[in-house]
């Protein structure tokens, strides 16, 4: 099996949820991990948790806010800080950052688009523009974005987010052509129980159980389930321009 041990990875949005799970698994595989998020406190908390779970982990934390329109310069600053701190170019970039709070079509306005565009529409393209300058330009290297099941199977009430992930899927394939031999892929999760569901509570547990009971597997995905797909895409040096689904069979229902 191909190894990623000793390689260097930056996870943008790696302080919680799926990104934090990817960071944990990567540390366990002996990867040098850099985690970036908009909240310094969450980054520090995530690092402490991962270091407790994987004592031998090589992990650093950084802060970056990609919700503003000057995100290109913010990304350039982040990538420079990471390669300076780790002592060399990156092998992999993973982007899991997102808010998950897009409005419904009836509430959608041009202002709502302007507020969500930097993170959900512009950031992936800017990562594709900026990241290669700080990466090993080789087919072993990869960029992996985070898409969503609504891009392939929309649901009523989720038109806006379906449009965003549909655009990301198209960008993923186009960037695979533009950035070759660096591989570009995306993971498309279905419903996944992360912090975005809200704080732990009995009511949340019941809601998650009810939603899971309707799925093909009788459960919802967990960050650790979906994180496996990102690790796979880093390992598989023959995959590019691909959207990998991790949704519990949602497209079959």
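Using the three backbone atoms N, Cα and C, a Cβ is placed for every residue, glycine included.
Residue 18 (NADP(+) binding site) falls within a helix when secondary structure is assigned with DSSP. Over all protein chains present, the Cβ of residue 18 (NADP(+) binding site) has 28 other Cβ atoms lying within 10 Å. Annotated NADP(+) binding site per Swiss-Prot: 15, 16, 18, 38, 39, 42, 65, 129, 194, in sequence order, evidence recorded as similarity to another entry.
Residue 147 (active site, proton donor): 24 other CB atoms within 10 A of its CB, across all protein chains. Residues or ranges marked as active site, proton donor by Swiss-Prot: 147.
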Next on the checklist: Quick check on the binding-site residues: of 39, 194, whose CB has the lowest count of neighbouring CB atoms inside 10 Å?
Outcome noted: 39
Checklist outcome for this item: In all the protein chains shown, the tally of other Cβ atoms within 10 Å of the Cβ of residue 65 (NADP(+) binding site) is 16
Item to check | residue 147 (active site, proton donor) and residue 39 (NADP(+) binding site), distance between Cα atoms, whole Å | outcome: 22
Checklist outcome for this item: Same chain, |i - j| six or more, Cβ under 8 Å of residue 15 (NADP(+) binding site); the result in sequence order is 35, 37, 39, 42, 43, 45, 46, 61
Checklist entry - What Cα-Cα separation, expressed in whole Å, is found between residue 194 (NADP(+) binding site) and residue 147 (active site, proton donor)? => result 15
Checklist entry - Just the number: how many Å between the Cα atoms of residue 147 (active site, proton donor) and residue 18 (NADP(+) binding site)? => result 12
